[in-house]
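In TrEMBL this protein carries:
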type: DOMAIN; residues: 4-42; note: domain 'GYF'
type: TRANSMEM; residues: 135-157; note: transmembrane segment
type: TRANSMEM; residues: 163-185; note: transmembrane segment
type: TRANSMEM; residues: 197-218; note: transmembrane segment
type: TRANSMEM; residues: 224-247; note: transmembrane segment
type: TRANSMEM; residues: 254-279; note: transmembrane segment
type: TRANSMEM; residues: 299-319; note: transmembrane segment
type: TRANSMEM; residues: 335-355; note: transmembrane segment
type: TRANSMEM; residues: 361-382; note: transmembrane segment
type: REGION; residues: 393-424; note: region 'Disordered'
type: COMPBIAS; residues: 405-415; note: compositional bias 'Polar residues'
Amino acid sequence: MDYWYYKREDEEHGPLSSAQMRALIDEKQIGAKTLVWSEATGGRWLSLSRTILAETLEEEEHPGDQARSAFIRASTRINQYVGEEGSADFHLKSLFSDVFKRHTREEAELVFISGTSLTTPNEQEIPLSWPKPWLFSRVLLVLVITYLILYGCTLFFGSVLTIPGMIAIGSFAAPFALVVFFYELNAPRNISMLRVLQMFFVGGVASIFVTLILYSFIPIGEIGFFSAIVIGVVEEVGKLIIIAYLIKKTQVKYILNGLLIGAVVGAGFAAFESAGYALSFGLQYGTGVMIDVIFERGWLSIGGHVVWGAIIGAALLLVKRGGPLQKKHLTDRQFLKIFIIPVLLHAVWDMPIALFPDTRIVQLILIAVAWYLILTMIQAGLRQIAALHTSGKKPEQAGEDEQEVQTLSRGQTMSRMGRKDKKE
């Protein structure tokens, strides 16, 4: 059971059960702006309106604000899918705050050399704050400039020799930039860029190979609603097999590790698949159509195979916790509840939905949903590390997640081990 504390006039009150907290809300003794603390808040003081208790609050204090109430309920439900409590607490402004800052070459080199035996930090040295990736934007810029030069050579000089380069760079630019993005998000810094590149190329191709084997038993005809569901199942299972193998082989234990490995495999899958589509359409319809395919599949890749794979990888780490990955984890109820999400996202992505013809509205909605899940997984990963910092233990096995831990919050530590109304 989660116990709650709240502040009133700088005095802390508690511990209280969730039922007792809701009773205080009913009695108007606490409200939306009341600061509350619980393991469910990740060990931080948050406004009550940003916690799971907000469901009661919205019903009592803002019955007319149906849109906000619906969003809170939806976000709470999604968070519960990944083992989190309450509504979302993301730091998007902080996440991308370093993108437009100046950085030195030495800073970039320090990012790329992380993950080796000499540069992997101790568990207690892993930062708890939201990561601030920036190098991915520079990698993307370099690849885009390279593509534009190749495009210029093809357009102005009619050179066919630059077309293979256009296909390769254009198809790999966005997926590989996302690989660097998730590499920077990996706060434990325990996976090297060499290993990432191996998983990107070999893992990406291997997932396509497994998918083609599955397709040999399950042929697909014209794309319809049912066939789109089959495609979603087959391709996500193909990626799952390779992601699970790599997680078991690397013996990682952090949720953020799973996020990275899944994203890398998904990026490899996306890059090689896009290159194949570009070549196929180019041979059938000419260079103009090929360029359109490269561009469209490039920007759409931000919400496709890369993030679907990342969700799968994080889900595996979420259910296996500190132990080795076993077959039972693939049939774990919590994992299946999360795994079905990228399958459905993929299926709806491919469905011939005519609601908004000649637009990508459906895909944009699916991208938003996928990234909400990614941010939720990042939050879960950071809370896992915070728990390890304060408990000094490995991630708990299933059934032990109610063990109370200490969690850092803005330089302060709150002890919940048998103490009442006291802060260390």
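These residue numbers are counts, starting from 1, taken along the chain as shown.
Keep in mind that glycine also has a Cβ here, set from the backbone N, Cα and C atoms.
Predicted, not measured: the structure shown is a model, and the values here were computed from it.
Per DSSP, the secondary structure of the domain 'GYF' (4-42) breaks down as 12 helix, 14 strand, 13 coil. Here the listed stretches are 197-218, 254-279, 299-319, 335-355, and the one with the most C-beta pairs under 8 angstroms to the transmembrane segment (361-382) is 299-319.
Here the transmembrane segment (197-218) does not lie next to the transmembrane segment (335-355) in space: the count of CB pairs under 8 Å, restricted to residues six or more apart, is fewer than 3. Remark: the transmembrane segment (299-319) makes no contact with the transmembrane segment (135-157), by the rule of 3 or more CB pairs under 8 A.
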